[in-house]
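Taken straight from TrEMBL:
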TRANSMEM  B:6-31  transmembrane segment
TRANSMEM  B:43-61  transmembrane segment
TRANSMEM  B:67-86  transmembrane segment
TRANSMEM  B:93-112  transmembrane segment
TRANSMEM  B:142-161  transmembrane segment
TRANSMEM  B:191-215  transmembrane segment
TRANSMEM  B:227-251  transmembrane segment
TRANSMEM  B:272-289  transmembrane segment
Amino acid sequence: MGGEPSGVAAGATLLDVRDVSLRFGGLRALSEVSFSVEKGELFSIIGPNGAGKTSLLNCISGRYSPSEGRIGFEGRDITRLKPNKRAAIGIGRTFQNLALFHHMSVLDNIMVGRHHLLKNNFLTGALYWIGGAQKEELEHRRKVEDVIDFLDIQHVRKATAGTLSYGLRKRVELARAVALEPKLILLDEPMAGMNLEEKEDMARYIVDLNEEWGMTIIMIEHDMGVVMDISHRVMVLDFGRRIAHGQPAEVLADPHVRKAYLGEEDVEDPFEQEAPAATPGAAVRQLSA
Amino acid sequence: MTSSLLIQLIINGLIIGTLYGVVGMCFVLIYKASQVVNFAQGEFLLIGAWACWWLLTYWQIPFFWGFLISIAFMMVFGLVLQMLVLRPLIGEPIISVIMVTIGLSIFFQALMKWMFGTFAQPFPPIFSVQRVEILGLQVQTAYLMSTAVSLAIMAGFAWFFKYSRIGLAMRATAYSQQVAQSLGISVRQMFALSWGISAAVSAVAGVVVGIVNGVSSALSYFGIKVFPAVILGGLDSIFGAVVGGLIIGVLENVAHYFDSQFLKWGNLYEIAPFYALILILMIKPYGLFGTRDIERV
């Protein structure tokens, strides 16, 4: 979990967000936010509650349509593309609140994530055994098993998702998003509400996804210790504006960031203290909660 | 003598109940996918039965092919209806959409009367034997076929939603459209598909009832009868629709028995399901298998 950017193919921009503004009636949720994410990067978005982090993620995943600005993915303008089409071209996501299909089994939950990769449509599906749909399904099962192995959820694969513990459900949700085989995965507070052990596990999965599976990751997270530890670059939002942007150390040193988090400049600074191993970023978490 | 009549009526109830169950499943399918209470469900039976009747009598097509063609036609009909009429209404208040389905129901009933007349038309004879005796009970061959077809449809539904990709995607959509979209599922396609499947399967029930009773606008009465069944089972439970259908079918016939033997009111058969409907709404408004609280935090 080195803080230094590793494995970043310089110059290959995957996602390019230009001057994106989002208004709900008179409320400005986002004001001219610009940033770009390189292929292979682990990029974090932080900021106080209500800063517009999730709104920004929703603009990228297509749930919201920005009022102004454009969003490019692999050099293609996707600003007006439908959410399901964005998933199909390689943008996966998880949600802040648990969004599992909790009456389905873990396996079925993850299989839904394979939906867009299935070539068989309704008609060939009706000719299940003849049209090769069965063979295709077996291949998908294999890929799904890879994802299940990676996230260590073999022991609950047949369980109904709704019966699992919170931490496990978060992991299953990540598995479902990974099963899409996205190029870019958007994680909205993947560690919220987890205990320390679960957080460490989740941080390891995220780093492995990035380094071993080569996925580009954009993550929103409140746990400053984890964010600073694993991110290559960090962007800070406050009141819908980008107030800082850069490598973790630069962002930490930025006076705007301190002001946004602490309200005043001359309060004792939680970033100064060495993040204790037991509760990484706890002080900041309390302030931002 | 009277007890054997009761048994006969209960068997009838179960047979007709499986048909209610099938139509109920179709109704629930649309409700689950798009939260629309479809008042035009009965007209799907009507149109499907008329289409099949027309192919059989006018074009003299063998029953098997006429049946398949009318199912295929109704599939397309449901898809097109959703795309042309209901898709533009997405985002409108759900009560407006429900009103539109009432309008569709009236429109298609009138259209069918205009095209095929107001009299009931019998199907050409399909089975060489009209009735068979099973364990001393008289059962119409057509009803035997209807039960077999209904059970096959139920098994098909179960397989479809449990194991097929599209079925899984439809369940995902019913649970959360937003999450389904984030996983690359086209919610519009799933809506259209739910209407297509619902119309096609309803047409099967329409043809079966048409074979027994003849084709007339009375068929669309099934769309109303299905309400007590699905509300009893729970509006959003496909399994509940089947159980509700069976219960209502049996209830109807038992009511008929008591009416003809003791009460002599003469119309309890028609009314009993709706008494049951009111009772269920008072006691258990979410039905036997429905989701108690659909809202989530």
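Think of each number as a place in line: the chain as shown, counted from 1.
Every residue gets a Cβ built from N, Cα and C, even glycine.
Just so you know, TrEMBL annotations never went through curation; they're auto-generated.
Under the criterion of 3 or more C-beta pairs below 8 Å, with sequence separation of 6 or more, the transmembrane segment (B:6-31) and the transmembrane segment (B:227-251) qualify as touching. Comparing B:67-86, B:93-112, B:227-251, B:272-289 for CB pairs under 8 angstroms to the transmembrane segment (B:191-215), the maximum falls on B:67-86. With pairs at least 6 apart in sequence, the transmembrane segment (B:142-161) and the transmembrane segment (B:43-61) have fewer than 3 Cβ pairs within the 8 Å limit; the two do not touch.
Residues of the same chain lying 6 or more positions beyond the ends of the transmembrane segment (B:142-161) and with a Cβ under 8 Å from any Cβ of it are 12, 14-15, 18-19, 21-22, 25, 126-127, 132, 167-168, 170-171, 201, 204-205, 208-209, 211-212, 238, 242. Counting same-chain residues at least six beyond the ends of the transmembrane segment (B:67-86), those with a Cβ under 8 angstroms from any Cβ of the stretch are 34, 36, 44, 47-48, 51-52, 55, 61, 97, 100, 104, 191-200, 202-204, 207. Sequence-distant contacts of the transmembrane segment (B:227-251) (same chain, six or more residues past either end, CB-CB distance under 8 Å): 10, 12-25, 27-29, 31-32, 154, 157, 161, 174, 272-274, 276-277, 280-281, 286-291, 294.
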